[in-house]
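Here the structure comes first, spelled out in structure tokens, and everything after it is commentary.
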Amino acid sequence: MTLQEQIMKALHVQPVIDPKAEIRKRVDFLKDYVKKTGAKGFVLGISGGQDSTLAGRLAQLAVEEIRNEGGNVTFIAVRLPYKVQKDEDDAQLALQFIQADQSVAFDIASTVDAFSNQYENLLDESLTDFNKGNVKARIRMVTQYAIGGQKGLLVIGTDHAAEAVTGFFTKFGDGGADLLPLTGLTKRQGRALLQELGADERLYLKMPTADLLDEKPGQADETELGITYDQLDDYLEGKTVPADVAEKIEKRYTVSEHKRQVPASMFDDWWK
């Protein structure tokens, strides 16, 4: 088995999918898991990007079906901007599409800035823009877990195969969640699910961005990665990509393994 095939298997990628069937499977997963845990529903941060829009709509479909079956669950969508988000219109369009039971908004700027200032005062150095970006991601997850803990809700994560293969997420930030309904999907497959669900094309054709950096607001994921999502998707779907691209992907996969594992102990061997 080639490394490409090993990665596809590890990340549960299917080269070809039926979008309607995938929606059904993922809604069923959300329903089954929340019933098994006895939780009262879900909470998810909504950015206005493809991934949170898709995960949010799946979550709302799941809770509606459970209620129709006699259950009592809810879904809270959370906006978590740092000050004013440049693409706030897209976030609002996503919320309209998702139709969550409840939507709330937390501006994380005061919390992030207070921490950054205290860090500088205590350690006599400023946080780099990159590390401050990770603080933003982690404060967003703290907020979601506070809501989840208070109301008995599960935190949904938006990680999918094209992020997992590169480790392109913040450890214990957007990488922290209770369940991952998008696991195994490539970026283009997620786009196909949103099309099947009837989303406005603005929500799945927009340029993907983590938007965590003050110095480079709205920087494209592809710019930061040095790899396009089409290349990632082709690789993950078993297609041939240029050798240098495959090498980049495989290197990122190897060095980011710690992000896909629980914290290492002396009894683990994945890190050796």
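Glycine residues also receive a Cβ, built from the backbone N, Cα and C atoms like all the rest.
Listed features, source Swiss-Prot:
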- Gly45, Ile46, Ser47, Gly48, Gly49, Gln50, Asp51, Ser52, Thr158, Lys187, Thr209: ATP binding site (BINDING)
- Asp51, Glu163: Mg(2+) binding site (BINDING)
- Arg138, Lys171, Asp178, His258, Lys259: deamido-NAD(+) binding site (BINDING)
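Ranked by how many other Cβ atoms sit within 10 Å of their Cβ, the binding-site residues Arg138, Lys171 place Lys171 at the bottom.
Neighbours of Asp178 (deamido-NAD(+) binding site), defined as other CB atoms within 10 A of its CB across all chains, total 18. Pairwise Cα distances among Gly45, Ile46, Ser47, Gly48, Gly49, Gln50, Asp51, Ser52, Thr158, Lys187, Thr209, which the record gives as the binders of ATP, peak at 19 Å. Of all the binding-site residues listed here (Ser47, Thr158, Thr209), the one with the fewest other CB atoms within 10 A of its own CB is Thr209. A distance of 14 Å separates the Cα atom of Ser47 (ATP binding site) from that of Arg138 (deamido-NAD(+) binding site). When the C-alpha distances from Thr158 (ATP binding site) to the binding-site residues Arg138, Lys171, Asp178, His258 are tabulated, the minimum falls on Asp178. Of all the binding-site residues listed here (His258, Lys259), it is His258 whose C-beta has the fewest other C-beta atoms within 10 angstroms.
Annotated pair Glu163 (Mg(2+) binding site) and Gly45 (ATP binding site), C-alpha to C-alpha distance, rounded: 17 Å. Cα-Cα distance from Arg138 (deamido-NAD(+) binding site) to Gly45 (ATP binding site): 12 Å (rounded to the nearest whole number).
Pairwise Cα distances among Arg138, Lys171, Asp178, His258, Lys259, the recorded deamido-NAD(+)-binding residues, top out at 18 Å. The two recorded residues Thr209 (ATP binding site) and Lys171 (deamido-NAD(+) binding site) have their Cα atoms spaced 17 Å from each other. In this structure, the binding-site residues Asp51, Glu163 were compared by how many other Cβ atoms lie within 10 Å of their Cβ, and the smallest count belongs to Asp51. For Gly49 (ATP binding site), other Cβ atoms within 10 Å of its Cβ number 22. Here Gly49 (ATP binding site) is positioned 20 angstrom away from Asp178 (deamido-NAD(+) binding site), judged by their C-alpha atoms.
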